[in-house]
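Listed features, source TrEMBL:
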type     : residues  : note
TRANSMEM : A:6-27    : transmembrane segment
TRANSMEM : A:67-85   : transmembrane segment
TRANSMEM : A:132-154 : transmembrane segment
TRANSMEM : A:175-193 : transmembrane segment
TRANSMEM : A:251-274 : transmembrane segment
TRANSMEM : A:281-301 : transmembrane segment
TRANSMEM : A:374-398 : transmembrane segment
TRANSMEM : A:418-442 : transmembrane segment
TRANSMEM : A:491-518 : transmembrane segment
TRANSMEM : A:539-565 : transmembrane segment
């Protein structure tokens, strides 16, 4: 068998093997069982003491959300000003300038919401100080925010009738000290021993074998790369992200980073079943998510390995598939797998440039981000899937003529309204945002921004439209990958995607937590013969159908103008 | 809101110290034991550092194996791909020019034998590798430019080929810089 495909299968298999024990560990941590990492308890206690937090104080869902939003606001203010004045702060060996206000706004928000759009380039747009103390910091805490919100929902599912759902600070801090930090250290050490730099040395100057003088950017990148994947953040240390040979040095680095980015999202699905003791319910969800991923993965790998038809037409060989914007050490199969995983979960790191991939691949990437629930980002993936479950329960209830119930609680108008609003939010943001960008491009091509709208696009025609659609979709999904040809460092894109990022992050967290919190307060109804079973294969298929139909209806016209039209013009 | 503000600020400060300060310092310490001591692994020739093992460099002379085209001209203080779409007409013209240049320097090679990676830009612009096929196709030119037998050079490519992980996962690669250093050391 082809060694590239074998590499992909082995990487996925290894992920599953590691996700299971990780899930058991996560459940033990949040149930409060004894675990090996309890030796960290004194440090956590010290943190509570300094911060004036009582970790035993129980909170209801509203208090959880208030704490979550408050600390997020603090991070935003801190990040914005640090990026703005980074040229005056220490640890800037390469002498990089401060960010413009609109860029600092965009960068702060996009790292705050676990997106990492990065309208700057890592080598020149940030300093070691902001990379470490602002961006890497936000990569940890934004992932922990998502996981903490999910754990609150787990707690709401678990008990029959409950209002008190644990302490936000405790769940949040434990996510960092017990899960993200130890795993990051392991991943970073593997990368260091495969060639990723980790010292604080600045640029080096060398004379190459052929006699050219070249500057080489370096820096303490390994730790950043570890949390960028474990936290499904995706923002790279270097401009070329995980395609950069320092950021992703070889195939072992590839496997390590691939496992790191999807292991927590998968483990959280397993953990759901263990935590609420409904294994079958979680198994069905896992199966549906996996089937969804495979539906996106196969066309992607097929298209990339077959190569670019326009190059075949020129009469050269494409034995290794389409190679524009790809690295030899990963090959098109591995790069295709990466591009699927990074778009279904909200990482958005890349090991090959999406802008240069085949139109079929682009379609799959866009779909992955539009669904945003196949495994999904740290914590938020299951929250997004949960909304689809609510819609599916509601529709099934209508179909069989029974009051819809979920986890032993009645699902009523209020909850369904919230779910419907969250479902409509994504198409609204994506389609309206893209339409606005296209309008500005056509009617105001000479607006005097840092990049004129007329010069935004790096490619003409349908693909140019896809560049704008991709940018807004990525912002809404908090993904962070991009069609990087788009000239996005200007006031229009920085501000517009900034607002899309905020709405696309916080409403889809608050909505599901509110639904779960509201339902958990209601009277518990024991299961009877008349209960719609949500852990059956039938219900799994029903949820899958809801996901497909909702998204097809929302996005088909936009996709037809972009990747689908490009496909038919390239393969004519 | 007020109730949560002070704990938020204090917790943020201690976490910034832990995650932004202690964590990377710990890793920089561990990296002292790794090859390259966390500064990146260098390649030396005649006692002089001629580059980093991971960072590709430009080779355009006939006597060296060429590296892949780069959208950033192998500027290792920047990085990136062309971001050109597969059907972009301007892009296809550039590829055609690269094909013509390659054929002019390699008269022994037929167009249908040129591997796509030699006429397409890599993602990072710093790709240090070639596939074995893309190295072997250049053997005749290098042999002629150096007046060495092609067999000897083929052997060198074979010696510098890194097989897939465990022989079965991923792609085989040839590090262009190491191969060219080995070429210079042949005599």
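Every residue, even glycine, has its Cβ placed from backbone N, Cα and C.
Within its own chain, the transmembrane segment (A:374-398) has Cβ neighbours under 8 Å at 114, 143, 145-151, 153, 231-232, 262, 264-266, 268-269, 272, 285, 289, 292-293, 296, 344-347, 368, 404-406, 411, 415-416, 419-420, 422-423, 478, 508-509, 511-513, 515-516, 532, 534, 539, 542-543, 545-547, 550, counting only residues six or more beyond its boundaries. Here the transmembrane segment (A:418-442) has Cβ contacts under 8 Å with residues 370, 372, 387-388, 390-391, 394, 453-454, 456-457, 465, 468-469, 471-473, 475-477, 492-493, 496-497, 500, 503-504, 507-508, 511-512, 514-515, 550, 554-555, 558 of the same chain, all six or more residues outside its ends.
With a cut-off of 8 Å between Cβ atoms, the residues of this chain six or more beyond the transmembrane segment (A:132-154) that come close are 30, 61, 64, 68, 71-72, 75, 78-79, 82-83, 91, 107-108, 111-114, 116, 126, 165-166, 168, 171-173, 175-176, 179-181, 184, 220, 223-224, 227-228, 230-233, 235, 264, 268, 271-272, 275-276, 377-380, 382-383, 386, 509, 512-513, 516-517.
Counting Cβ pairs closer than 8 Å and at least 6 residues apart in sequence, the transmembrane segment (A:281-301) and the transmembrane segment (A:491-518) reach fewer than three and form no contact. Residues 25-26, 29, 35, 37, 40, 43-44, 140-141, 143-144, 147-148, 151, 222-223, 225-227, 229-231, 249, 252-253, 256-257, 260, 264 of the same chain lie 6 or more positions beyond the ends of the transmembrane segment (A:175-193) yet place their CB under 8 Å from a CB of it. Relative to the transmembrane segment (A:251-274), the listed stretch A:6-27 leads the set A:6-27, A:67-85, A:491-518 in CB pairs under 8 A. Sequence-distant contacts of the transmembrane segment (A:67-85), counting only residues of its own chain at least 6 positions beyond either end whose CB sits under 8 Å from a CB of the stretch, comprise 59, 98-99, 101, 103-105, 107-109, 111-112, 126, 129-130, 133-135, 138, 141, 145, 148-149, 168-169, 172, 506, 509.
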